[in-house]
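Contents: one structure, followed by commentary.
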Amino acid sequence: MPQQGLAYPVPTLIYHITHLNNLQGILQRGGLLPYSQRPPTQQNVAYGHIQAHRAQVVVPVGPRGKLHDYVPFYFCPRSPMLYAIHTQQTDYQGDQRPILHLVSSAQKVAEARIPFVFTDRHAAVQYVCFFHKLEHLKALDWQAIQASYWANVREKKQAEFLVKDFFPWELVEEIGVIDKTIQAQVESILAQFPDLHHPPVRVRRSWYYKKRLCSASCEATF
């Protein structure tokens, strides 16, 4: 497993989570919008109070701006955010089943010359470090990012890759879903847009939580 300061996976996969109900709108717009441009009809799965704080966080490098000017991705599936959804800790009161993982890579974004930054931990904490060159991916704690048990490394596991203003749909390489029923629903929505890029839709059960093995304060389950 890559270690902090030594190596990082190439391609460096990035994962955006969204609700199934948002997929049609994403396809109609041809991509993902940042929170500041989010349509009021979009199904929100986030913490409201954290989003209010993120709206004020300044990005000090690269294209700058604020966090809400960027489309957020994690460097791993099965994130702490998904656990919060799974255990109904966010403003969204559904479960993880309709949550999709939209997968791309940091290299694809860079090759498309789309402005981006990334962080070494959760982007909204005070002591976060921001970067805007891929060579600095080695500064991230990849052992924490890839950890199955992350109660003690929660902030570093939530390192973010942030794409400025708009993320084009054609850069999505895969859609990961929890089961075949959701897979069929995603395929049905994609079929309504025959002229658009159709990434493979794959059942990735290991990207989702199976059951709670501990209290919400532990937040580390298989």
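Glycine residues also receive a Cβ, built from the backbone N, Cα and C atoms like all the rest.
Annotated features, as they stand in Swiss-Prot:
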DNA_BIND  47-53  DNA-binding region
DNA_BIND  78-83  DNA-binding region
DNA_BIND  148-151  DNA-binding region
DNA_BIND  154-158  DNA-binding region
ACT_SITE  Arg54  active site, proton acceptor
ACT_SITE  Glu160  active site
BINDING   His16, Ile17, Thr18, Gly25, Leu33, Arg54  NAD(+) binding site
DOMAIN    12-209  domain 'DarT'
REGION    38-56  region 'NAD(+)-binding element'
REGION    119-160  region 'ADP-ribosylating turn-turn loop'
Q: Sort the recorded positions His16, Thr18, Gly25, Leu33, Glu160 by C-alpha distance from the residue listed as 'active site, proton acceptor' and give me just the closest.
A: Glu160
(Q) Taking every protein chain in this structure into account, which of the binding-site residues Ile17, Leu33 has the most other Cβ atoms within 10 Å of its Cβ? (A) Ile17
Q) If you measure Thr18 (NAD(+) binding site) to the residue listed as 'active site' at Cα, how many Å is it? A) 15
Q: Can you grab the distance from the residue listed as 'active site' over to His16 (NAD(+) binding site)? Cα atoms, rounded to a whole Å.
A: 10
**Q.** Rounded mean pLDDT for the residues that make up the region 'NAD(+)-binding element' (38-56)
**A.** 81
Q: For Arg54 (active site, proton acceptor), name the DSSP secondary structure in the helix/strand/coil scheme.
A: helix
Q | Packing count at Thr18 (NAD(+) binding site) (other Cβ atoms within 10 Å of its Cβ) | A | 20
Q: In three-state terms from DSSP, label Gly25 (NAD(+) binding site) for me.
A: helix
Q) Hey, what's the widest CA-to-CA gap across His16, Ile17, Thr18, Gly25, Leu33, Arg54, the NAD(+) contacts in the record, in Å? A) 23
Q) Which state, by DSSP, holds Leu33 (NAD(+) binding site): helix, strand or coil? A) coil
Q: Within 10 Å of the Cβ of Gly25 (NAD(+) binding site), how many other Cβ atoms can you find? Include all protein chains, please.
A: 16
**Q.** Which same-chain residues, if any, lie at least 6 apart from His16 (NAD(+) binding site) yet have Cβ under 8 Å of it
**A.** Leu32, Val71, Pro72, Phe73, Tyr74, His101, Leu102, Ser104, Phe167
